[in-house]
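A.B. asks: Swiss-Prot feature annotations, pasted as is:
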- 522-529, 1105-1112: ATP binding site (BINDING)
- 427-449: compositional bias 'Low complexity' (COMPBIAS)
- 119-404: domain 'ABC transmembrane type-1 1' (DOMAIN)
- 490-710: domain 'ABC transporter 1' (DOMAIN)
- 744-1027: domain 'ABC transmembrane type-1 2' (DOMAIN)
- 1071-1306: domain 'ABC transporter 2' (DOMAIN)
- 426-451: region 'Disordered' (REGION)
- 127-147: transmembrane segment (TRANSMEM)
- 156-176: transmembrane segment (TRANSMEM)
- 249-269: transmembrane segment (TRANSMEM)
- 341-361: transmembrane segment (TRANSMEM)
- 375-395: transmembrane segment (TRANSMEM)
- 734-754: transmembrane segment (TRANSMEM)
- 778-798: transmembrane segment (TRANSMEM)
- 871-891: transmembrane segment (TRANSMEM)
- 969-989: transmembrane segment (TRANSMEM)
- 992-1012: transmembrane segment (TRANSMEM)
Amino acid sequence: MFINSFETKIKKKFSLLYEKLDDEDENEPSSSPSNSTNNFYKACPEDNSSKWSKISFNWVTKLIMKGYFKESLEMNDIYDLPELNKVQTTSKLLDDINFSNGSKYALIKHIYKNFLPKNKYALISNIFITIFIFLSPICLKFLINYISTDNDNEKSILKGILLCCLLCISILGQSISQELFYWFGMKNSFDVRGALTAKIFEKTLKLSNVSKKKYRSGKIMNIMSIDVENISEFFWTYYLDIVSHTLQILILLGLLCYVVGPSGLVGFGVMVIALPINTMLCTKSSNYLEKSLEYSDSRTNLTSELITNIRPFKMYAWENLFINKIEEQRKQELKFLFLRVLFWIFDHMMIETNATLVLVSTFATYSLTGNTMSLDVTFTAMTIFANLKLPLIYLPEDIYKAIGLMPSVKRIQNFLKSSESLKSKENNQNINFNNNNNNNNNNKNNNNNDDNDIIIENCTFQWNEPENNNLFEFNQSEDEEENEEEEEEENEENIKINENFDYKLNDINLIVPKGKLTMICGVVGSGKTSLVCGLIGEIYKLNGSVSGVPNNISFTSQQPFLLSASLRENILFGNEFDIERYKKVIESTALTKDIVNLAGLDLTEIGERGINLSGGQKQRISLARALYANSDCFIFDEPLSAVDPEVASHLFDHCIQGIDFKSILKTKEIKKNVENETDSEELIKNEIEIENEIIDVNNVISDKNDPNLIEKAKLLVKEDKNEGEVEFNVYKKYFSYGTSGVTLFITISLFFIGQAVYKVSDFWLAIWTERSIEGKSDSFYIGYYLLIIGIFVSLLMIRTYSLSRITFGIGKNLHSALLKSVTYASCRFFDTNPSGRILNRFSKDTSDIDIHMLDLLSEVSICFSELTIGLISIVFIIPIIIIPLTLLFIIYYIYQRLYRPSARELNRWESITLSPVFSLLQECYNGLLTIRTYKQESRFIKEMFDNININLGCIFYSFAVHRWISMRLEVMGCIMVFFTSLAAALFTSNNGLAALSVTTALSLNGYLSWGVRRIVELEVKMNSFQRIQSYIEIPKEGNKLISTGTNQVDSDGLKTISNGDLVNWPNKGIIEFKNVEIKYRPNSEPNLKDLSFKVQSSEKIGIVGRTGAGKTTIASSLFRMVECSKGLILIDGIDISKVQLQKLRSSIGIVPQDPFIFTGTIRSNIDPFNEFTDFEIWESIEKVKLKDAINSMPLKLETALQENGDNGFSYGQKQLLCLCRTILKNFKIILMDEATSSIDYHTAQLIKQTIQENFKDCTTLTIAHRLETIIDCNKIAVIDSGQLIEFDTPSNLMNIPNSKFNKLIKSQTDYSNNKIK
């Protein structure tokens, strides 16, 4: 109550100052242009501040006051970064790294060469630190001499005050130098961090197909977060500390020899003997950290794969399979992290033991050589030892950082040296960071190539990198010794991949004439996509020549790449908005009707990978992007495979056939060879009946200034930011994951007991010096001193080990809970949160919990136990000191209350602003081919630079706020030392205790600021816990079972049907939809409206309709990927909403529209639970016509596949592999969603026969645009705008002249007419 009243008064006192500062801030000019998208808008106040303001950090006061009065900071409260610290500037310093000499230290040498000269002020500050460290013990020696003098004539008050002032000046000088050293060092670290992050992203945009196999997105995220942080931390202060701490140790040992004579050399010898042991322990700790990072990479990659493919994982009911795989990697990661911590504990134990042995050996030698332990000698030596203890602690840590730095340097250097796409080398010459890259495709490049035919002569293309590759600008040969071990590990990991899939296109000859349509046809897996990639420079050309390829190419990939942005932004793709051209493109791609049905029209956010769109809509948006780019050459890879015949005909007429420039259509549909030349009119005759429904294209273009429409258009939710202090319940929740309250209390108590024991050792030295126990020799005092220190070291080991067990248990349980919670979350969660944001919880936030929480909890406990015991000791010795200490405590409280809100909020913004960095990295990684083809690298680099600058801005001002509080509390500490030393000199009769009080005050000086900073840092890391906890508490899918003894309930408390009741379910396969309504968003229009139909046992149902009509939504509802808002879905008479999800999904077979291959072998992809024999697996492989392809691979079923199977199979073959796994299992109900859309006509007919033979007793729902795929079904369901408009046999529907199905039949192209007739 008193504290709240006091704080209210303080706020009133400061309110006028805040208003004045706020008015000044509002009048400050903007540092960003008016059209800038940067969230910062005010220039950095440090740039225009006075020298005194820079030294005292007064320029940060405005930000401090904002945070205090608002209790929260918004992004527009944070100032802009100084221009010199922006990544646009710092990244240039890494532009010319020379890897050609094969040096394993090339990166680190380059950083030293380019970044160290900027850090001269840090070096100067470090020199002053060393000088003041030397002066403070000398000043203390004179002061203790004064205190121990019994002659009143020599003990004038003025002399005492002067000596106290000199001591405080030396301490204050050291403190100011230390803070400036940290600040200048941080700026250097900051620049290194920004530059490396930028370079890693730039390199990601250049990765070749071979490099992508090695560097999955999860591994790159780990490199960008963990490894970059390791290097930047080293270039904060550690690189200078190695020299300065060594120098400080030598100076202090020299000073020790000055105080105690040659006895100091004995202590020096003990230290020299012990230092190699500490170094060895640091090295072992570093090795275990490197091992843990390898498993962390693997865990993050698997987690990334799970998150980005969460829908197929859920549909196949494979969540537990991947959870177990991730947990296994996590177990190994924690194992090596714990071993690292054990050696860290031993290291700290050795440091404490070493410091004590140095002190005891020095004092023992000094005493045994006939010298008397006087006050000035004892306590001056104690102060020297106290000052010596820090460099003794930090020098092994500096060495550890230097040793631990090399694995991170190696990982980043190898990544930056990895092979690049040939296309990226071509594009890199034209990258311009000073514009938005809006015109690179709009204006035709007047290159001679644009008017020529594309000619490919005698070319051989290959996916894998040639053995002697001379296609790169730098030499790939590396230091053999450095890379030998890594190459062996890489071979073990990738031998199955690299040896098996050396796919080549041999002796290719092709002419693509300007102004004509060229079609590339072939059976599945014949190399069509490889040829297209050869044209655009994405695979290696071993021989031959390619000429006439224009600079501007529009490209649509077989699996469309879409940004997590609005539909309009996906079409514009960085180009300027031309409304007339935009309208024309929308009409040409038949998107008008689709856009009208979207909540925010063309400004609707379509989500990562177009998650809320149908396959046909995604393809048409990709096609619209190609047309809008207005390029010289258009390359379409299967642009019609996911659209219905009517739309396909429209697209062919208005998009593909109507282009005036070079255009290439890659398809498996036209049964002609490349060698056969004929006009496109002869290949495809369009007999399309245009739908009568006409929609004005003007009605689909949104007004960006309409707030209601913008709100409706949003899909992604804003990331939550915790505000205010971290409450006690948060800490309680954190510790509940790993320990009981009793264990925690005992562990924390050990810190206070340990510090009390250590303080007893100081009292014992005072007793020893005063010879308070008569008749006892020095060996008596030495023996008991060693006993006290032995108890302290034992307590240190016990408390640190106990705390490490607690934190590691918490980290393990927290990650497990996070993984399960996210995996079992509803699909809506993944629709509204980008994968980069989710992965941030598993990388950066998890790393904070694993690595930093132990250190922080230990440091906070040490700090406050030391402050508590130390202050009690001082007050016990000098009771009068409580008066100035109370006043100092009040000031201390005010400062920490001013400081904590801003520091806490800035650190929270740091975590939040890191998510867009990871999200953009993930997004660009998935769309490298499209980004490079459209030459959009510079646009995404600029966006990434902006994201990095925003994140670095939060770090920059967070650190400035830390220095602000440190500077002020260090001054307070000096004042405390002054009053304590003055009171000891004037008011204490016991000279030994007086000297002890002064040395205690000196030791507490740094703890005042350190304690507050550690508390705020702990609050920040608890923010990582809160972010993880918020994901643990997200709503789960229904019917995820929670064990409650013998009974089972689902996560929403509803009773479910147990698996025991559904042992043979479904045994008939009867499916019934009753008035089903489905909504993807709560307030949106239904995607399925009042849908009712019934499928009898073993019936074959074909589901057709215009692209985006709701066909795939039917599939999603059957698997409960989205729950019914109205109505029921029954299978064999049982309401599926009451069936456990695991049981439901594992009981229905699925061949998804987008083929799903996960990281593993061919065998594990077909039979993930190892349920079937080799014979059964090969039998199913033969049925889907993949036997020859897999048999040609040396390792056959054990062939390793990467995520999405990009290293082994074509898109069509991946579809066949998915069909294979479905045939293998005996499902009663099977759903096929465009199962053969990317397979050539001949193979599709063979697969159709296989399906008829193997699924004859199954109930099948087949979604297809190829009408010949479903023409033999028992019934056809025609879906339009989410409604069932026709449901009858094919023959009956065909006999109705105006039926929708009949119209679809008529619009089918000639390749299907033969079958239909």
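In case you wondered, yes, glycine gets a Cβ from its N, Cα and C as well.
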A.B. asks: Does the structure show the transmembrane segment (375-395) and the transmembrane segment (341-361) touching, where I'm treating 3 or more Cβ pairs under 8 angstroms (sequence separation 6 or more) as a contact?
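C.D. replies: Touching, yes - the transmembrane segment (375-395) and the transmembrane segment (341-361) meet the threshold of 3 or more Cβ pairs under 8 Å.
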A.B. asks: Hey, which of 127-147, 249-269, 341-361, 734-754, 871-891 has the most Cβ-Cβ pairs under 8 Å against the transmembrane segment (778-798)?
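C.D. replies: Per the Cβ under 8 Å count, 341-361.
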A.B. asks: Assess whether the transmembrane segment (127-147) lies in contact with the transmembrane segment (871-891), where contact requires at least three Cβ pairs under 8 Å among residues 6 or more apart in sequence.
C.D. replies: no
A.B. asks: Quick check on the binding-site residues: of SER526, THR1107, whose CB has the lowest count of neighbouring CB atoms inside 10 Å?
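C.D. replies: Candidates: the binding-site residues SER526, THR1107. Fewest Cβ atoms within 10 Å: SER526.
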A.B. asks: Counting only residues 6+ away from its ends, which parts of the chain sit with a Cβ under 8 Å from the transmembrane segment (969-989)?
C.D. replies: 143, 146-147, 157, 160-161, 163-165, 167-168, 171-172, 175-176, 178-179, 874, 877-878, 880-881, 884-885, 888, 891-892, 895, 995, 997-998, 1000-1002, 1004-1006, 1008-1009, 1012
A.B. asks: Which of the three DSSP-derived classes (helix, strand, coil) applies to LYS1111 (ATP binding site)?
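C.D. replies: For LYS1111 (ATP binding site) - judged by DSSP and reduced to three states - the answer is helix.
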A.B. asks: Which stretch, 156-176, 341-361, 871-891, tops the Cβ pairs under 8 Å count with the transmembrane segment (992-1012)?
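C.D. replies: Most Cβ pairs under 8 Å with the transmembrane segment (992-1012) come from 871-891.
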A.B. asks: Radius 10 Å, atoms counted are CB only; among the binding-site residues GLY522, GLY1105, which position scores highest?
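C.D. replies: Checking each of GLY522, GLY1105, the winner is GLY1105.
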A.B. asks: Just jot down the residues in the same chain as ALA1109 (ATP binding site), at least 6 apart in sequence, with C-beta under 8 A of its C-beta; none if empty.
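C.D. replies: In sequence order, ILE1279, ASP1280, SER1281, GLY1282 meet the Cβ cut-off.
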A.B. asks: Let me know how many other Cβ atoms fall within 10 Å of the Cβ of LYS528 (ATP binding site).
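C.D. replies: A 10 Å sphere around the Cβ of LYS528 (ATP binding site) contains 26 other Cβ atoms.
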A.B. asks: Quiz question: given the binding-site residues VAL524, LYS1111, which has the greatest number of C-beta atoms lying within 10 angstroms of its own C-beta?
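C.D. replies: Ranked by Cβ atoms within 10 Å, first place goes to LYS1111.
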A.B. asks: For GLY1105 (ATP binding site), what is the secondary structure by DSSP, using just helix, strand and coil?
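C.D. replies: Its secondary structure by DSSP: strand.
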A.B. asks: Go through the chain and flag residues at least 6 beyond the ends of the transmembrane segment (156-176) whose CB is under 8 A from any CB in it; none is fine as an answer.
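C.D. replies: Tertiary neighbours of the transmembrane segment (156-176) are 55, 128-129, 131-133, 135-136, 139-140, 142-143, 146, 967, 970-971, 973-975, 977-978, 981-982, 985-986, 1002, 1005.
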A.B. asks: Can you give me the average pLDDT across the domain 'ABC transporter 1' (490-710), rounded to a whole number?
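C.D. replies: Over the domain 'ABC transporter 1' (490-710), the predicted model scores a mean pLDDT of 70.
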